[in-house]
Amino acid sequence: MPNMEPTTKEIKEQKIYQEMGLTDSEYELVCSILGREPNYTETGLFSVMWSEHCSYKNSKPVLRKFPTEGKQVLQGPGEGAGIVDIGDGLGVAFKVESHNHPSYVEPYQGAATGVGGIIRDVFSMGARPIAMLNSLRFGELDTPHAKYLVSEVVAGIAGYGNSIGIPTVGGEIQFDPCYTKNPLVNAMCVGLIEAKDIQKGQAKGIGNPVMYVGAKTGRDGIHGATFASVEFSEEGEQQRSAVQVGDPFMEKLLLEACLDVIRDHSDILVGIQDMGAAGLVSSSSEMASKAGAGLELIMDDVPQRELNMTPYEMLLSESQERMLLCVKKGHVEEIQALFERYGLEAVVIGQVTDDKMYKIIHHGEVVANVPVDALAEDAPVYHKPSKEPARYQAFQEEESFVPVMEDVVGVWKELLAQPTIASKRHIYEQYDYQVRTDTAVVPGSDAAIVRVRGTEKAIAMTTDCNSRYLYLDPEVGGAIAVAEAARNIVCSGGKPLAITDGLNFGNPEKPEIFWEIEKAADGISAACLELDTPVISGNVSLYNETDGTGIYPTPVIGMVGLVEDLAHITTQDFKNSGDVIFLIGETKAEYSGSELQKLQQGKISGRAPELDLTTEKKYQQLLLTAIQEGLVASSHDLAEGGFGVALAEATFKAGLGADVEVPFELNQLFSESQSRFLVSVKPENEAAFAQLMELEKVYRLGVVTEDDTIRVKHKEDQVTAKTTELRSIWEGAIPCLLK
């Protein structure tokens, strides 16, 4: 092999390690761990394993704040995905993962491989993926490039999900200028597992073979993890080699073969892990480190699809659709025969050792030999300086924004045409959300619901985060994101169980950004404790900045809940004329961070809406009880656009109307006060519902009507709007903007 790689001396003197992502002090630490200077391959291994993307070195102190335990938790953070118990020996595995940087550079493949990666995380646990969700952020749809990004990201998600046959059942999309050059693509996968089948990513048992399964290794995605741990610049467009290419048909075979091994050969399978960020080095070193073992890998045996690949390239490649298995010795042929049935190659590339070293051999030579824990566990942890940004105090002291409401119906129409509020049908119609035929509530309601075959249960799932509130106040905004996710689950008839969090932030080297991360984590933790929804998995994506401009703090909350009986499934749309409409919760003049403020001022500022977690929990529990007792015909949480938008959305599906008198002034129609629900009840259930809610701030507003007119009164004031007209604006906005 021609030795083109820099020598240890050149690496040190020319500071080549800096280009690979290590700081001076980190390089010194590596030298002291090894007792010598690392060679080129070893320097590469440390640079990628100690990147933020793999080691969480900047975010670990913050992640430790999260509550991660609960009686419902079968598997908490630290494995491919978290798992919660839903009874009857079944569990639900789920996780959210970001693919932000790749999706800006190469939006179709960036989004597609994000979907592929999160699916592998879930089936590596032994769970069958049953649903996908996503949470997307883009800039305003006013440039050809913004429209191109949206179209390609959506096509990438659809292309992969539809081909592999997993329904994409829900998600959320927000448009704000801060995402123009930093789009966010967070994908969530939910899987079903028998509790007895739960797998671990571990390699133990001295002499046990380590097997490589799936696609061959190429040069795609080398340093993808490091690429995700730096700020962007316009030149970043050049980094296309760091974006991988996905093959959903290969992944489908891999999924079925791996689940086959887990189901029928659990006695000989020791551990299984997906090759994700940082590829082979990450999966193999983590599996050995978790088991307190060492590993010896022979790079000559790694299946390669390109010529003359170096050990460095093979270890760091992020080629897709690859898994690593550790099996009991003497059973290699059985495993190979099983994978062959699926047309897949399973190759032994190494074995477990007892010396806790990570040894790489190529052409008979040892090309890397480092302590396995040094790679997987011993990355330095940084307690970054944190500083409250000047804007926070300014927002706290600012005069509250008062909207201009001369023409209430005109404002209503404008709000429904905003892309963050408008119907996302144009987008989700590209996803096959009915494949597998278990989807009980399709996209477009508060939460998606998927039936659990062979039972009367269903799983409710949602993704939520209003990053504008976090920009105003990350602690309150973080709590609101969790509360809103739980509201969506409850409105659908589910009991919230746990969350996965996709923490998307700017550059943590900036003290103001690190402050946002800390405060958001405090808010999320407080809400998770109050609502009993521990954090069981997640992902951190930092450095979402381009040319010094960062995103709003965007911790995406993915939540799963249990619908105990299919009869409890509830949707947001009004069902019958004559049904009685109630509002749960208090409406105040809260417009800061609202869709209305953005529309009228072109910016957001002021104090975030208030959230009282005790009240939130009480209302959620009461509403869920009412739903489980069969008293509720429809329920909808009040979110962006407040009461006006929620009321309009409730009328759209059946083309009904509403005649209501509200307990607040009409200029508060679009206030975004928290902890509110719009509920409709059959007349014969009205008394029982009112009795259940009697001590709370629950208001009887009026009735659902047959005609397609919404009438809203407060004392002497009244506004009237046509459902059909509002609906055509709401449905037409995004197709029109994407033209």
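Here the Cβ of each residue, glycine as well, is placed from N, Cα and C on the backbone.
What you are looking at is a predicted structure, and each value in this text was computed from that prediction instead of being measured.
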Site co-member for ATP according to Swiss-Prot, given K95, D501, G538, out of Y40, Y56, Y148, Y591: Y56
Listed co-binder of substrate (same site as S98, H99, N100, H101, R120, E318, S319, Q320, S541, source Swiss-Prot) among Q244, Q393, Q601: Q244
Binding-site residues: E97, D501 - member with fewest neighbouring CB atoms within 10 Å: E97
Nonlocal neighbours by CB distance (under 8 Å) for R120 (substrate binding site), same chain, sequence gap 6 or more: G80, E251, L254, L255, D274, G276, E321, M323
For N539 (Mg(2+) 1 binding site), the one of K95, H99, N100, D121, E318 that lies nearest, given that the recorded positions are compared by Cα: K95
Non-site residues, in chain order, whose CB comes within 8 A of the mean position of the CB atoms of Y56, K95, D501, G538 at ATP: L63, P77, V96, T500, G502, L503, V535, S537, N539, V540
Cβ packing number for Q320 (substrate binding site), 10 Å threshold: 29
Other C-beta atoms that fall within 10 angstroms of the C-beta of Y56 (ATP binding site): 19
